[in-house]
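*Asks:* Supplied in structure tokens, the structure appears directly below.
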């Protein structure tokens, strides 16, 4: 086995060496021809030079090693006593650094004196998960002057994942390196900031804005509670002070016991929340939001817009204005479920029962509708970098891509469980690569597609563990490409990196969620979420 590994490594090296020699030979030949040859001679060899350069340009060479140099012999003494022939086994893994990933809040933030851990998930050269342990992983935390300041410990879970733990003794900025076979894992080294616990406490104004969540007395059946890992804003001790949680404030409550609308939120540009209202709102004390959207216009302060009347709130929850009327005619709203804002500031609303998407000006005047006659039950809506309106059709189990004038660009999806199929898709967001991120409610997963609808990857499965879902709903993407998902059935919000690896939870333990649906990022970087079971929307602190 060792000889085979050596032969494969030698073969890979030979390919690279031959390629280098070919490039140098071609370069030298071309340089000599251009420097010393006459115009006639250059013309004579032009075709030959062009063909060689083109052939080299088309050829691909490995830039990273396809294997690591790990080869150990694990001696089994007990087996030696049983049989002289059973001396042990050779151990090796396919894990390599540049495809393996590290996740966890502790990569970038920690509290002085508090034990913190992160998870490293090893992958092979094809980015497939390695399901065995024994890889050579080490961690280093160094100060800005390069001195190692903190001891780390690595726990091998024997399934391809590793827990790296540490406890910072001083505050400041540090470099956190994770090395697999002396090669950095993806993103390493990380910039780690350690702060004192007292530095993350909220101000008195934040505490005053807190309102206790009402108890559920309606016909809802609450989902089973899930124990969530603590974040840097909480401890393992029983909470006595609510300011340890990451909730900043909440707005709204159900005005009557018959209020039973759901909540949805989508992302765009000025902080807007859309809500289907079955009762007249009086200020912000009685609210039954249906859909939530976060927008941020350059040069403007963020605002939060809530529908069937569209209600607009400032980033701190103060009511600003409302517009809209119920009905089935163009310009009216019957059951708005998703909302976004385009590059011109127009407000785009998906209307589930009217089976179309309505477009309003920024001051609420109706402009046009699109998708009539095509859409069966539009739910989530977003706008990509090309100005296309991406609409998730919950009933048809597909995604429509329209131009702003309503012309259909393409659609993809059908009912089912495969990569290009959905079962009850809900909401959509656009990431920083202009890719389409869709929550697949009954398939308990999040799927990512190119701007043209080609399947790229998916993540998630049914369950209550880290990275699992019980019917995902709202979705948003932050400036770093991290994907924030509302996990409706588990009543929590999970955060994933751009490749779908689990990172952390939004800490909601002081004022728990009950069936979160829409969510987005506000203009000041917080997470706003529509809390359907508590008939309100909440804003949580979120560290990007």
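The backbone N, Cα and C atoms fix where each Cβ goes, and this holds for glycine too.
Note that this is a predicted model, so its numbers are computed, not measured.
Quick paste of what TrEMBL says about this protein:
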REGION    203-237  region 'Disordered'
REPEAT    102-194  repeat 'Filamin'
REPEAT    320-363  repeat 'NHL'
REPEAT    364-405  repeat 'NHL'
REPEAT    409-452  repeat 'NHL'
REPEAT    456-499  repeat 'NHL'
REPEAT    500-543  repeat 'NHL'
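Looking at the shown structure, what environment does each listed feature sit in?
*Replies:* When pLDDT values are averaged over the repeat 'Filamin' (102-194), the model yields 90.
Long-range neighbours of the repeat 'NHL' (409-452) within the same chain, counting only residues 6 or more positions beyond its ends whose Cβ lies under 8 Å from a Cβ of the stretch, are 264-267, 338, 379-386, 388, 390-394, 396-403, 458-463, 468-477, 479, 481, 483, 485, 488, 496, 498, 500, 517-518.
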*Asks:* So, by DSSP, how many helix, strand and coil residues make up the repeat 'NHL' (320-363)?
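*Replies:* Helix, strand and coil residues of the repeat 'NHL' (320-363) number 0 helix, 22 strand, 22 coil.
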